[in-house]
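Features as listed in TrEMBL:
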TRANSMEM  A:20-41  transmembrane segment
TRANSMEM  A:53-74  transmembrane segment
DOMAIN    A:64-171  domain 'ABC3 transporter permease C-terminal'
TRANSMEM  A:104-126  transmembrane segment
TRANSMEM  A:146-169  transmembrane segment
TRANSMEM  A:200-216  transmembrane segment
TRANSMEM  A:222-241  transmembrane segment
TRANSMEM  A:282-305  transmembrane segment
TRANSMEM  A:521-545  transmembrane segment
TRANSMEM  A:581-603  transmembrane segment
TRANSMEM  A:615-633  transmembrane segment
Amino acid sequence: MTFHQFAYRNVIRNIRIYAAFFMASFFSVLVFFIYSMLMFHPEIENGFLGNVPIIWMVVAEITLVVFSWFFIFYSMKAFLEARAKEFAILIHLGMERKQLTRMVFLETIIIGFISIVLGIIFGYAFSKFFFMIVREILMLEDLPLYLSWEPFLLTTAVYFSAFILISLFSVHLSPEKKVIDLLNGYKNIQIDVDFTKRKAILGIVFILSGYGLALLTTRSNMIIFSVFIPLLIAVGTYLFFTDTTQYVVDKIKNKRFLYWKKSRMLPTAEQTFILKNNGKMFFVMTIVTTLAFLSIGLLATLSSYTSQYDKLNPLGLIYKGHIDNPMEHEHISSLITELEEKGLSYHLTRFTVLKQTSSFTNFEVEVFKESDINNLLFSYGYPMVRLSRGESMFIPYSKDSIKELAKKKVETVLLENNVRITIDQVYPELIFPSSIVSLNSIIVSDVDFRRLVRPYRNSPQYEPGYHLFTFDIPQWIEAEDVGVPIQQEVAEEYVKEKYTLPYYFENAGLNYSYILSTYSLFTLVGLLVAAVFLLAAGSFIYFRLHTNLEAEKKKFDVLKRMGISNSELKSLVTKLLFPQFFLPWGVALCHSLFAFFALQNIMKNFVNVSIVKEVVFAFVFLVIIEIIYFNLIRWRYIAYVRE
Amino acid sequence: MSILKVQDVTKVYEGKVTNRALNQLSFEVDKGEFLAIMGPSGSGKSTLLNLITTIDRPTSGEIIFNDIKPQNLNRTELAYFRRRELGFVFQDFNLLPMLTVEENIVLPLTLDQKPVKVMEERLSVLAERLDLTTILHKRPNEISGGQAQRVAIARALIHEPAIILADEPTGNLDSNNSREVLELLSKINKEKQATIIMVTHDPIAASFCDRVLFIKDGEFFNEIHRDDRRQTFFQRILNVLSLLGGGQVGDLSSIRLP
């Protein structure tokens, strides 16, 4: 038997021991390969992802690589630790450390090779399925499977180098233990508690103040807070797992009436040990899980935003121009021609909006004419407005404003023309998107509107009013390339310091396509990253348990001899595993919840989307997955220690 | 009055190679007796202990504790039976490393969900008797082997079991600690009338007992009772052992008492 054969037989005949490590590598390769298949898709040149910049996909891919390297490194370490006794025997028999390194290297290469080959095969097999999902999410016509060498080469290169480097590193990095300790293993577990009360309290304080700031986040302080909060939370979480948890367990232990009762002693004592040895890992797990939660939550949010988009933007095209806008006629007729060429039906409404000064606030109000509004409402199919002289109605600028404005009653005089009006109603639907109308927009009766002859008092410097052309297009998504030249001029002007164009144009269909592509990007990147993160966080637990399994089995053997019934054994295992699973998840869930509170605050200022329903749904889904995973692991664990 | 009856117990391990570990072994243990079971490696000592412990079942024959037949109990009842009626002392102590000494001692009671008050009372009595008061708050890796075995004995005693089963309790100890542990066991045997069954390789350990039962290849070989002087008892044990080995004593130690 040569040395190579020895390594080979080690792997092939002990496939059960290597299975966990193999699975970890296999899944990383699989996910990476599928993603590269998408990245190298020939259709991407034709912009099938809309405007998703390829650079972001590359960034996501790099994140994936870094993360999966870390992931493989960790599983490798855990795997080597689990085999410590085997190595001890080999060293005991006179194996050099150099030879040991070589053996581990050879074994890793064998496993790596198998997992790369299988990962690519399975990845290719599942590519079509993945493409189908992507096609559905992005509403693409077709996303065919293709065959090209790039994804294969990239995956092989990335993972082969990963396996080589990691196998070389992990042996060198593992601390050199005495053979005798390795052989004895279990008995030499050192347990010394090392937490300080100060740090324990500091951890809680950091986390709570992070939460507090998250609740206070608004659009104005968001940039400072977005640096500050994660920092606080990260440090707090670290201290929480290294000190606070141990402090709490220690407090419980000092209360004998709590601690010794109802066979709580063993699982509680066990927690000290688990927390002490895995505090740092729990921290990493929590952060990783939080990131996964956030990306899933963001996805859910974005998807709801896209589905609510047409409610918030009821108009297909909007053209807003100064009263003396010289381009008005030309632009409007070109838009009409384009729409007619495309065969899209539309309903055009022309508004003349006048600015006046309100005596109530001493600020400007924008005044709409009743019959203009009714014209638009007619095409929407909304109820009409009926106003008599002196009556007036608010135009809501956002969904939430409807309720607010309904409570308001204002008696005011439009100063320029001395028209007295009472504003005591609000139109119960959103008529214009919030970017178009100002916060002070009202509708007056036609009679009153005719009396507004004198212009706005600041009129030479400021525009006394504007013309608004709204196109209500039932198939608004298809109107996405109408008025592109105008849109471009507007977009260019927008970047400049001062907006000097006499007109403004908005195409809901075009904007929607931008939003959709951002959403697609998030979907692709987010789903993938979330999947990998969750997988990784799950595997961390798995490897941790796997490493300690022998020692645990021995402990349970003692307990079995002393007399522990089946149901007691099960409940003991549950109590043992539960905190390891749900503490990092629970903390991560809590973190993400507060992150979404902050996000909800910001989003409310940007666009009027409530994300509560989506986030709750996403979280419930995640909790269910976790419970299933927990039960799966628990089942295997019990089966093993009961043997 | 016998507390344990082993009647015609046979244990056959079936596998690729069928192995008859015990063959029609019968003996009885009286209440308050200190019994040693000796025999060469592979003679079936551990199998016998596992059967008495009820974590294994005999292929044929019966084991009866105080009129209870463990064979008729289901798994949960068996667990309760072991927890209440049996105490264990192992060769490598098997103290749980994450528990302190006192926690290790009260472990059988917490498994049985006894009130904390009872635990504390019994703990203080035992700690006093076994001289463990000073190390109660230490962890198993901070105490010596002899202390660890005393802790293990305390753990075996705290739930006041009917029988204490000791598996090579001195196997990992030096001669001083061995003597201490054995004296402790015989003291408990005398003072509390505790029934102890000890499996051992060591003739010195066996010489502390009331009776020594020898088995060879899973069958009863001989038994001898203690007489007035330990020295002569020890000598007689050695004689039987030399017969046991078929003239070769190689497997067994031939130390003389000081």
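Including glycine, each Cβ sits where the backbone N, Cα and C put it.
Annotations in TrEMBL come from automatic prediction, not curation.
Sequence-distant contacts of the transmembrane segment (A:146-169) (same chain, six or more residues past either end, CB-CB distance under 8 Å): 25, 28-29, 32-33, 36-37, 39-42, 65, 68-69, 72-73, 76, 101, 104-105, 107-109, 111-113, 115-116, 119-120, 123.
Within its own chain, the transmembrane segment (A:200-216) has Cβ neighbours under 8 Å at 225, 228-229, 232-233, 235-240, 242-244, 246-248, 594-595, 597-598, counting only residues six or more beyond its boundaries. For the transmembrane segment (A:222-241), the residues of the chain that approach it from at least six positions outside its boundaries are 199-200, 202-210, 213-214, 216, 275, 279-280, 282-283, 286-287, 587, 591, 598, 602, judged by C-beta separation under 8 angstroms.
DSSP places the residues of the domain 'ABC3 transporter permease C-terminal' (A:64-171) in helix, strand and coil in these numbers: 93 helix, 0 strand, 15 coil.
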